[in-house]
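Feature annotations, reproduced from TrEMBL:
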| type | residues | note |
| --- | --- | --- |
| TRANSMEM | 54-76 | transmembrane segment |
| TRANSMEM | 88-107 | transmembrane segment |
| DOMAIN | 120-374 | domain 'Putative ER transporter 6TM N-terminal' |
| TRANSMEM | 127-145 | transmembrane segment |
| TRANSMEM | 152-170 | transmembrane segment |
| TRANSMEM | 182-205 | transmembrane segment |
| REGION | 383-402 | region 'Disordered' |
| COMPBIAS | 386-402 | compositional bias 'Basic and acidic residues' |
| TRANSMEM | 580-597 | transmembrane segment |
| DOMAIN | 600-740 | domain 'Integral membrane bound transporter' |
| TRANSMEM | 631-652 | transmembrane segment |
| TRANSMEM | 659-675 | transmembrane segment |
| TRANSMEM | 681-699 | transmembrane segment |
| TRANSMEM | 719-745 | transmembrane segment |
Amino acid sequence: MTRSNDVAQHEEHRASRLWRKTISNLNLDLSTFLKMVKFALPPTISLSIFQSTIISNTYTTVGYLIAVGSVLSGVLQPRAVFLQTMMVNVLVISLTAAVATLAMWSAMQARRHTTVPGMGEGYNSSASGVSGVWLFFMIYAINSLKFSRPGLKFACVLSSIVTIISQTYGAQNPTMEASLTLIGHLYGAIMTGVAIATGVNIIFFPLSCRKIVFKDVENYVEGMRKVLSAQLEFMHTIEDHNMFHDTAEASKLRAEVHSLRGVHGNLYANLSWAKKEFAYGKLDGADLSTIHRLFRKAFLPFTGFITMTDVFERVTKAHGWNLHQDEKRAAEEGEIDEKTTVDEYQHIMKNLHKPFGDLGHTMNDALDHILLKLELGKHSSNIRSRRNDVETPSNEKEPGGAKFADRLQEDLDAFYQRREAALRAWCVEQGIQLASDSFQSEYSWLNGGTDAALFKTHRQRQLFVLLDIQLLMYSSGLALLHIVEWTDAQSASGKWDRNRLLIPAHSQIMKWLRPFSQHHDHGDHLNMENENEASNEVHYGEAYDSRKNPDHLPPENRAQYIGIFLRKIASALRSQHSVFGFRMACACMSIGVVAFLRDTQDFFVENRLFWAEIFVAVTMVRTSGEGGFIYFLRICGSVIGAALTFPIYYIVDGKTPGVLVLFFVAITAVGWIPVKRPRFILLAMLTAITNVIVIGYTLQVDRIGEKVATENRQKYYPIYLLAPYRLAVTMGGIFVAFIFTFFPFPTSERSELRQSLGQALYLAARHYAVVQETVAARVRGDEGDEKLKSSPGYRLEKERTKLLSKTMLLVAQMKSQSAFTRWQIPIDCKFPKKTYDSLIGCVDRITSYTALIGCSSTVFAIEGDKAHGEWRQAFKNVLTSVESSHDQITSFLCLLSSSILNAQPLPPHLQLPQPYGIVRVMQMMDSEILGISHIAEPGYAGFAMLQISNRAIIADLQELTELVKKLVGELDFSYRHVSEKSKEL
């Protein structure tokens, strides 16, 4: 007995361990489970209510479309997004139903005028022809809209279902009453499904966009914490290890920065929806916007930490330290011993260990303080005790305390003072003699005064790296200080003391009510004049205005404006959206034509071939690579859905209550995919829809009877035949969609990727030009107040933010397109995927370093004390008088963009900008301006970061040029004779 109990306990323990392991692998928690249930509730409710006599008598043979409509309503979307989607669904489906009614009336009129009195109500070629034309036109219009407005995809799929079914039967209905009954049933069933999904979305486990944004803010804070921790770990590691060899800590730092960039993008995408929601809480839309703006200020210095690993990689490549001993080549700056350089950098890191560790600890507490004040994360449960527990003075400077900002400011000041000690230690290690009470020194970078010797030693670059690291750390702490001060001010004002009704701004409500429009801010409000600066007139460059049309002059009268409108119509008809809609219509008609021929019309309806048309509308995509991936998912979804119908139905012997329970369990399990793997949501949708059209139809027949179920001229099949028949029909639709993705010509990700790359290079050029103009404005001191909409600084900041966001989104899109190229069927030569991936990486790095230049230039706009004022003014004067290479870099990026977009070879003998050119010129103009005596100046560190970033951009630009030249070639007609002997050599 004891032995059997031990065996039973062992088996129970084993089962419990297996269950826990499964839960852990699936990352299944309560929130995930509730979302899975939420995904399964609408179709389950839809099938359940059809068992009601009222519902079954109302919708008869199309009752299962209630569940289809509920699945395609997107119930898992956040509230504001879903409600707008629901509003769009109602509008588009209602319009589609009205047009479908007109189409069926047209078919009826064609039948009436071509039918001889006394003839039967059979096939009519005129009615079929009219229905076919209407079907083609409606599918074309719906899918053109679907591609041009991706947010309307659910509405367009549901509209396609209404269109296909109505026009298929519209050609056969003998009376208008029958057509009106059919369209009423279709419209009512789908709208009922949308209504059920709406109720579930709002009532069961409601998810607001504000909750998502709060989670994004929490993830953002934790992301900054992880980046800070990874940065400190990396610095501590290279105190004793070779930093020129890749380490696990360097890889971790890159991974954490990449993760933070993803969270930054999510917050940017979700913020606009959160500001449109009515809510009961503490943080309103203005607070959320301020949080995003402050986080954006912290984003650049935190992600800039990755420059350390990049600098070391570039130094390694420059000196050939990543090659074998016999392959090592001389560096650009001359032969430098690797071990000596490693020792020097290790000394630098050891000197920075203490100040960075102390400030890092305080910055980590600052992140806790931010979460406490915003009442987010694991700290929110302790917020009340933290605020009230102020009996001892020490608690006031702890996270959540009233004087924590003072502590952070003190530690930042201490760090700033201690940076001079690190600089002095570096000078001592380099053998540079300094005065005892200052940085005065006779050491000169000129090393003999020749231009050839300028910057030929790695010392100046090493100093720049040291200053860059210190400035990034200080800037990160300063950004956190601004967030802390803002949260403290909001909390002290009493604004966050209690919850209140939060009403979105009028502009946000109007944007929510206009889902079809493209909300562009043309910047008209920027022309407002500031009362205090009314006498200053600012002239802006042409880049601030809308782009010119090289084929047309600006309109001058009303007739020309009408001509512009007509030209837009013509442009829309020849656009990619229109081409895709036409291709989709051809694909649907290749199947739908069977329904409009005398010999095959009955066969089409009896075997439900319209579901093949519907799956064409659901599955077809524009590009061939994405199509291969999508079709694979949809085939898997259809097969899995058809296979699941057998256990769902036969385990309970077809008893309706049991079938509904198992259906709910199965769809709940499928719901894990859209919750945890949103990329594969199509797999879940197709699995659910295939289940619905098989199980739903079977339960529908069981409820209304076989006689009523076959009144629509569809044959009745038991489920063991219905499931494979439906699977065969849907697979046929997927196959047709696959064919028309390639016929008559494919649109590949390869060409799309090339176009996206050209656009990204142009955006990078614009971004670089805007940032360089920002640097120039800050050096000149005429940027103005960025908070005033009439100031140049405001417009520059707005352009920088917009271009950085656009470029980051386009880079993510290019990476997705590059991944999809693997799914494209190769029919000719290989695609140079590695080259394009390298190009994408170069664009990404150029964008990041360009943003860092803008971040580094903030020190030029800060007024210093009198001790530093003289050098600061002299530095600004020299920097202003130096002709920078930024125009050349912008021109190069534009040239590369044009070459890639048009697939044209590059001009020969391109002269790239020289690295550190501005350093050489400045030192020639004033040999003391960048001397050792001034390395502790506030603006010196900003200039160092600017030069490191600019050097990295030029290096990436050189790599870009070579890669583009590899793709498109060079316009080089030169030639040289090559002898056999030289070939052998």
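In case you wondered, yes, glycine gets a Cβ from its N, Cα and C as well.
What TrEMBL says about a protein is an automatic prediction, not a curated fact.
Segment contact holds for the transmembrane segment (580-597) and the transmembrane segment (127-145), given three or more CB pairs below 8 angstroms at sequence separation of 6 or more. Here the transmembrane segment (681-699) lies next to the transmembrane segment (54-76) in space: the count of CB pairs under 8 Å, restricted to residues six or more apart, reaches at least 3. Residues 26, 28, 32, 35-41, 43-44, 47-48, 76, 644, 647-649, 651-652, 681, 683-685, 687-688, 691, 695, 699 of the same chain lie 6 or more positions beyond the ends of the transmembrane segment (659-675) yet place their CB under 8 Å from a CB of it. Summarised by DSSP class, the composition of the domain 'Integral membrane bound transporter' (600-740) is 116 helix, 0 strand, 25 coil.
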